[in-house]
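Swiss-Prot annotations:
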ACT_SITE  HIS115  active site, pros-phosphohistidine intermediate
BINDING   LYS9, PHE57, ARG85, THR91, ARG102, ASN112  ATP binding site
Amino acid sequence: MEQTLSIIKPDSVGKAHIGEIVSIFEKAGLRIAAMKMVHLSVKEAEGFYAVHKERPFFQELVDFMISGPVVVMVLQGENAVARNRELMGATNPKEAAEGSIRALFGESIGVNAVHGSDSLENAAIEVSYFFAKTEIVNALA
């Protein structure tokens, strides 16, 4: 069974959309293997998004991700990475499929409700960035 990382970003946390977003994941057959709310430090946000360090939007992304608490979770299920990506929708909410999380709750490319791992390899890296192995349960057991 695959695992992937999902982050409910500060905009969605601030607008009390956590329950609605979690419900979308669960109704699609993804289970929560770990979840916590954190307020990222500058160092944590920069480390997590280090792959984008040279991109022009990097500082804006970091500033946004530290602007309020986020909910980080490990989603588990069949094809979890691809299913999560499909549920999230396109990065730009205006291009996201109707009914997708970003179409429902996103405002712009930068303020787009959620983050999700883009590959199995990155999912493993991202999950370990936020969670120790002992914090993750087998949600399908």
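We number each residue from 1, going along the chain as drawn.
Cβ from N, Cα, C; glycine included.
Everything Swiss-Prot records as a feature, shown here on the structure.
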| residue | record | Cβ within 10 Å |
| --- | --- | --- |
| LYS9 | ATP binding site | 23 |
| PHE57 | ATP binding site | 12 |
| ARG85 | ATP binding site | 17 |
| THR91 | ATP binding site | 14 |
| ARG102 | ATP binding site | 24 |
| ASN112 | ATP binding site | 24 |
| HIS115 | active site, pros-phosphohistidine intermediate | 21 |
Cα-Cα distance linking HIS115 (active site, pros-phosphohistidine intermediate) and LYS9 (ATP binding site), given in Å to the nearest integer: 7
Residue pair ARG85 (ATP binding site), HIS115 (active site, pros-phosphohistidine intermediate) - Cα distance, angstrom, rounded: 9
DSSP three-state assignment for ARG102 (ATP binding site): helix
Where HIS115 (active site, pros-phosphohistidine intermediate) falls in three-state DSSP terms: strand
Cα-Cα distance maximum in Å, computed over every pair in LYS9, PHE57, ARG85, THR91, ARG102, ASN112 that the record assigns to ATP: 21
